[in-house]
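Engineer: First, the structure itself, so that you have it in front of you.
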Amino acid sequence: MKSATGPLLPTLLGLLLLSIPRTQGVNPAMVVRITDKGLEYAAKEGLLSLQRELYKITLPDFSGDFKIKAVGRGQYEFHSLEIQSCQLRGSSLKPLPGRGLSLSISDSSISVRGKWKVRRSFVKLHGSFDLDVKSVTISVDLLLGVDPSERPTVTASGCSNRIRDLELHVSGNVGWLLNLFHNQIESKLQKVLESKICEMIQKSVTSDLQPYLQTLPVTADIDTILGIDYSLVAAPQAKAQTLDVMFKGEIFNRNHRSPVTTPTPTMSLPEDSKQMVYFAISDQAFNIATRVYHQAGYLNFTITDDMLPPDSNIRLNTKAFRPFTPLITRKYPDMNLELLGTVVSAPLLNVSPGNLSLAPQMEIEGFVILPSSARESVFRLGVVTNVFVSLTFDNSKVTGMLHPEKAQVRLIESKVGMFNVNLFQAFLNYYLLNSLYPDVNDELAKGFPLPLPRRIKLHDLDFQIHKNFLYLGANVQYMRV
C-alpha cells in the first residue's frame with residue numbers, strides 16, 4: 001500500500017485435468033469444483049473436437065479373393081476411401097475416481113465413400129460404393145499424471161468402439177456380384193473403422209490435448225512483488241455429480257520465497273450446482289499477500305509537500321503546520337516536514353458471510369528536514385481505521401477495491417509540545433481518501449489471475465462470501481480460434 005509508489009477436449013476439460021495427486025496432507029487455499037453441468041459442457045465441446053478429427057482419418061485400401069460357384073475365382077479391391085459425413089450425438093464425461101475421466105459416446109453415425117475394382121482372369125471392372133455406419137459407440141478412459149514441471153499429463157487407455165449396423169451400397173456393372181459377398185466386405189470395413197477411430201482418439205490426446213495442458217499455469221505473477229503457486233495438493237475428490245480440484249493457491253514473494261508456516265483452514269463448500277464451475281478462495285491467500293507486502297515494506301508510505309495537491313490549504317512545512325503545534329514554528333523556522341506511515345502488523349482480511357474488511361493499525365511519524373538534510377523526529381501518532389473490501393471477478397482474474405471509513409488518530413509522542421490531534425485527523429483523512437487509497441485501488445484493479453488454460457472464458461458470475469473463504473460460480477465458454 002504505497003502512496004506515490006507502484007507494482008481431444010480442449011475446454012473445461014483443461015480444468016478437470018488439473019486433478020493430479022500432489023503433496024498429501026496440505027489443505028488447499030483454492031478449490032475448483034466442477035459440477036455435472038460443467039462435465040456436460042466439456043463432453044459437448046469434446047464431441048465437436050472429435051467430430052472434426054474424424055474427417056482427418058485416412059482409411060487404408062484393402063483387397064481380397066472371392067470364389068462364387070457361378071462365376072469362379074476373382075479378386076476385389078476397395079480404395080480411395082473417404083469419410084463424407086459423421087454425426088457424434090450422445091456423450092457423457094464422468095469422473096473416474098483415483099484415475100481420471102471416462103468419456104462415452106453413443107448413437108453416432110459415419111458415411112464413407114470410395115471406389116472398387118474386380119478382376120477375373122483378363123476382365124477388369126470398377127465402380128463406386130457408399131458405406132453407412134450406424135449405431136457407433138465409443139468409450140475411452142483418460143488417465144492423468146504429472147510431469148516434472150508440475151503440469152498434468154494425460155494418456156488414453158482402454159479405448160473401445162463398436163459398430164452395430166453397417167450397410168454397403170455398391171454401384172457399377174457388377175455391383176450385384178459384390179453384393180453376393182457383402183458380409184465379408186462389411187466385416188473388413190468394420191474392423192478398419194474400429195481400429196482407426198481408436199487410433200484417432202489416441203493421436204488427438206497425444207498431439208492436441210497434452211500440448212494444450214502445457215498452457216495451464218503452475219505459477220503466475222500478480223505484480224512486481226507477489227506471485228501465486230497453482231500446484232496441486234491432493235487427488236481430485238470425485239462425488240456423485242461433482243469433481244473438486246485442489247490447488248495450493250499460495251501467495252509468495254517473487255524475490256525471496258519462504259515456506260508458509262500457517263496452515264490453511266479447511267473450507268466447507270456449499271452444494272451449489274447451478275453453474276458449471278465454482279472457485280473457492282481461502283482468506284489465507286489474501287492474508288499471506290498482506291504479510292508479504294508488510295515484510296517487503298510495501299504497505300508503508302511517505303507524504304512530502306510536493307505530493308500534496310497544489311491547491312491544498314495545508315502544506316508540509318513548519319510555517320503551515322503552526323495550527324497543529326504552535327511550538328514547531330519557533331523551534332524549526334521555515335523547514336520542510338515529512339510524514340512516514342508504517343503499518344504496525346500485517347492486516348488480516350475478515351471474511352464472514354456478507355462482509356470483507358480490514359482493520360489496519362498504523363503509526364505516522366513526523367520529521368523535520370534540517371538544513372543539513374538530516375531528518376529529526378518531532379511527533380508520533382497512532383492511527384486505526386476500518387476498511388471494507390469489494391471484489392470483482394471478470395472472465396480471467398479477481399480485482400479489488402478498498403472503501404475506507406474515517407481514520408481515528410491518537411497522539412503517542414510529541415517533542416514540540418501541544419499537538420492538535422483533531423485537526424491532523426481531518427488532514428490525514430483528506431489525504432488518505434484523495435491520494436493514498438486511489439493509488440492503492442489502481443494497483444488492486446490489476447487483479448490476480450485465476451488458473452485458466454488458454455481460450456477459456458468465464459461468464460454468468462455469481463459471487464458469495466462464506467466464513468473464511470470466497471466462492472465464485474461461473475459458466476464456461478471455450479473460445480475457438
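The count begins at 1 with the first shown residue.
Glycine residues also receive a Cβ, built from the backbone N, Cα and C atoms like all the rest.
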Engineer: Swiss-Prot annotates one residue of Asn350, Asn355 as N-linked glycosylation site; which residue is it?
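Structural biologist: According to Swiss-Prot, the N-linked glycosylation site annotation belongs to Asn355.
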Engineer: If you have Swiss-Prot open, could you say which of Cys86, Cys159 makes the disulfide with Cys198?
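Structural biologist: So the cysteine paired with Cys198 in Swiss-Prot is Cys159.
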Engineer: Of all the recorded positions given, namely Cys159, Cys198, Asn355, which is spatially nearest to Asn300 (N-linked glycosylation site) at the Cα level?
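Structural biologist: Of the recorded positions Cys159, Cys198, Asn355, Asn355 has its Cα closest to that of Asn300 (N-linked glycosylation site).
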Engineer: What is the number of other Cβ atoms found within 10 Å of the Cβ of Asn300 (N-linked glycosylation site)?
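Structural biologist: The answer is 18.
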Engineer: Measuring Cα to Cα, how many Å separate Cys198 (disulfide bond) from Asn355 (N-linked glycosylation site)?
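Structural biologist: So the Cα of Asn355 (N-linked glycosylation site) lies 52 Å away from that of Cys198 (disulfide bond).
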Engineer: Round to the nearest Å and give the CA-to-CA distance linking Asn355 (N-linked glycosylation site) with Cys159 (disulfide bond).
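Structural biologist: About 50 Å separate the Cα atoms of these two residues.
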Engineer: Using a Cβ-Cβ cut-off under 8 angstroms and a sequence gap of six or more, which residues of the chain neighbour Cys159 (disulfide bond)?
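Structural biologist: Result: Ile138, Ser139, Val140, Cys198, Ile201, Gln202.
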Engineer: If you run the three-state DSSP split on Cys159 (disulfide bond), which class comes out?
Structural biologist: strand
